[in-house]
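A.B. asks: From Swiss-Prot, for reference:
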- 67-87: transmembrane segment (TRANSMEM)
- 109-129: transmembrane segment (TRANSMEM)
- Thr133: phosphothreonine (MOD_RES)
- 136-156: transmembrane segment (TRANSMEM)
- 173-193: transmembrane segment (TRANSMEM)
- 216-236: transmembrane segment (TRANSMEM)
- 243-263: transmembrane segment (TRANSMEM)
- 367-387: transmembrane segment (TRANSMEM)
- 402-422: transmembrane segment (TRANSMEM)
- 438-458: transmembrane segment (TRANSMEM)
- 474-494: transmembrane segment (TRANSMEM)
- 516-536: transmembrane segment (TRANSMEM)
- 559-579: transmembrane segment (TRANSMEM)
Amino acid sequence: MAAMDPRNNGNVAPLNERERAENLEVREVVEVQDDQSVVSLMSNDSDLQKKMMKKEEKKNGGWTNAIILLVNQGLATLAFFGVGVNLVLFLTRVMGQGNAEAANNVSKWTGTVYMFSLVGAFLSDSYWGRYLTCTIFQVIFVIGVGLLSFVSWFFLIKPRGCGDGDLECNPPSSLGVAIFYLSVYLVAFGYGGHQPTLATFGADQLDDDKNSKAAFFSYFYFALNVGALFSNTILVYFEDKGLWTEGFLVSLGSAIVALVAFLAPTRQYRYVKPCGNPLPRVAQVFVATARKWSVVRPGDPHELYELEGPESAIKGSRKIFHSTKFLFLDRAAVITENDRNGTRSNAWRLCSVTQVEEAKCVMKLLPIWLCTIIYSVIFTQMASLFVEQGDVMNAYVGKFHIPAASMSVFDIFSVFVSTGIYRHIIFPYVRPTELMRMGIGLIIGIMAMVAAGLTEIQRLKRVVPGQKESELTILWQIPQYVLVGASEVFMYVGQLEFFNGQAPDGLKNLGSSLCMASMALGNYVSSLMVNIVMAITKRGENSPGWIPENLNEGHMDRFYFLIAALAAIDFVVYLIFAKWYQPISHDEDSIKGGSGGSLKKTVSELEQV
């Protein structure tokens with residue numbers, strides 16, 4: 001690759017081969033204390049420099065810290081689902097909202113949770129770093145759960161024990177409603193803001209071994225479901241009995257313990273410095289491309305500009321090899337006569353190949369990411385329409401009453417079983433790629449929607465006139481929950497690995513947040529679909545719509561089948577983009593920029609002699 005001398009005021013003035021050979025004969029011996037030995041290093045020995053840096057990075061970290069972060073994830077998830085899993089029933093029973101309104105509000109809230117992940121990822125990658133980002137947002141999360149416990153106790157649960165499905169609550173005051181929404185959106189901000197960063201921070205604790213990091217992401221999702229298991233059984237049961245405040249207080253305690261566990265090993269964590277704001281870097285590529293639109297791209301990518309030596313031009317990032325996608329962006333790395341004539345280089349006119357490839361990576365990931373949104377529409381039904389569907393079914397098994405929200409325990413058990421089957425039976429022999437696993441997850445998700453639609457058809461057939469609940473047992477919902485759980489193992493764990501592994505070093509948190517951003521848009525799309533479907537299908541009293549206040553008068557089965565049909569179309573589009581996708585290729589012999597300046601500086605100075 002063509003090189004620009006970083007010590008020559010940004011001028012493009014490459015040395016000829018003879019001068020370079022003469023300069024490189026000069027050696028500077030650097031004495032480095034390593035335990036009890038003294039090692040002499042040559043200033044141009046990039047391999048040894050890289051090993052020194054990696055050894056320095058690996059002093060801390062390890063699986064012990066990673067396990068602590070998994071515990072933190074489980075406890076934080078317990079607290080989060082203690083709020084979220086029964087939120088739709090809290091809105092209908094305590095806040096007095098209708099089914100469609102409550103389902104929409106839950107979808108919007110859940111979408112906001114995951115949309116805030118982009119905020120956390122940006123702050124982490126650009127300014128705060130992973131540790132500080134996780135700390136700040138977990139503190140916000142604790143404040144939100146605490147405020148929710150307070151407003152429930154003093155404003156909303158009136159009289160005591162109301163909201164159990166039998167005893168109605170008094171209409172909430174305006175102040176109570178305001179504090180309630182403030183608290184739940186603080187919960188959304190705090191939990192969503194730190195989730196993707198926590199996943200990346202956990203991966204940072206491990207060495208650069210793909211299998212170790214793949215195992216961590218599987219355990220990360222496993223820990224999430226362990227925390228959700230307690231919330232979806234014990235907490236849901238008490239909240240279903242009207243003990244809402246007590247359930248929120250348990251969530252508060254879990255959130256506090258999670259924060260303490262996270263802070264405990266602060267000195268033992270392995271830290272990765274933020275790489276700076278990526279937005280200007282990406283924008284520079286497009287601006288430079290536009291300014292050089294008439295420039296002819298060279299046939300040989302080695303003629304494009306790249307920083308010479310092992311160090312990357314982007315702080316905290318390895319070099320990225322040239323790719324054959326979006327070749328028009330290569331113009332940003334073409335060295336023109338204006339760049340060679342001695343004028344000062346302009347970052348908005350000339351970009352390195354690594355910087356161009358960083359922008360290409362973002363563009364290559366977007367089509368894959370967009371195809372995951374419909375799956376998130378499938379997933380979000382579990383927290384809204386699945387619960388409302390179960391609430392109008394026969395929830396008794398003998399004399400034992402099963403809360404509708406507790407049916408998600410079958411989703412969790414399905415995740416446990418599917419994770420074990422995948423890690424110990426499928427993976428050792430087949431080892432499907434992340435893209436293959438995501439496609440499998442989408443297919444299973446379609447099957448879940450079909451199962452939910454068939455269950456709804458049977459539920460409507462067993463409705464007794466004048467009764468709210470159908471005679472169909474709630475156990476008919478088991479297949480749809482099990483299928484959603486199995487699909488998660490393939491889709492969401494695959495997404496975590498794919499977006500984290502394919503994101504450039506300077507955008508790792510953004511890569512992890514794309515998974516949660518997909519969930520966010522999935523919830524918003526679900527809410528939009530409900531509104532559109534109700535607007536089209538509601539025709540007065542004789543046609544109350546597919547999802548009316550009284551579900552026995554609607555056709556929620558058709559809504560499930562609509563989602564399945566859209567997901568099938570999405571799967572075809574996904575196959576096209578998955579086949580088109582070209583993986584990122586890092587230069588493993590390169591050094592993360594901004595971290596090895598001393599030795600590099602010596603070589604640069606010698607080259608100017």
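Glycine is no exception: its Cβ is also placed from the backbone N, Cα and C atoms.
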A.B. asks: Can you tell me which of 67-87, 216-236, 243-263, 516-536 gets the most C-beta pairs within less than 8 Å of the transmembrane segment (173-193)?
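C.D. replies: Result: 67-87.
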A.B. asks: Would you count the other CB atoms within 10 A of the CB of the residue listed as 'phosphothreonine', including those on all shown protein chains?
C.D. replies: 27
A.B. asks: Test the contact criterion for the transmembrane segment (474-494) and the transmembrane segment (438-458): 3 or more CB pairs under 8 Å, pairs 6 or more apart in sequence, then answer yes or no.
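C.D. replies: Result for the transmembrane segment (474-494) with the transmembrane segment (438-458) is yes.
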A.B. asks: Output the single range from 243-263, 367-387, 438-458 maximising the number of Cβ pairs under 8 Å to the transmembrane segment (67-87).
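C.D. replies: Comparing 243-263, 367-387, 438-458 against the transmembrane segment (67-87), the winner is 243-263.
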A.B. asks: Do at least three CB pairs under 8 A connect the transmembrane segment (367-387) and the transmembrane segment (559-579), leaving out pairs fewer than 6 apart in sequence?
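C.D. replies: Contact between the transmembrane segment (367-387) and the transmembrane segment (559-579): present, because at least 3 Cβ pairs are under 8 Å.
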A.B. asks: Contact between the transmembrane segment (136-156) and the transmembrane segment (243-263) is defined here as three or more C-beta pairs under 8 Å separated by at least 6 residues; is that satisfied?
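C.D. replies: Yes, the transmembrane segment (243-263) contacts the transmembrane segment (136-156).
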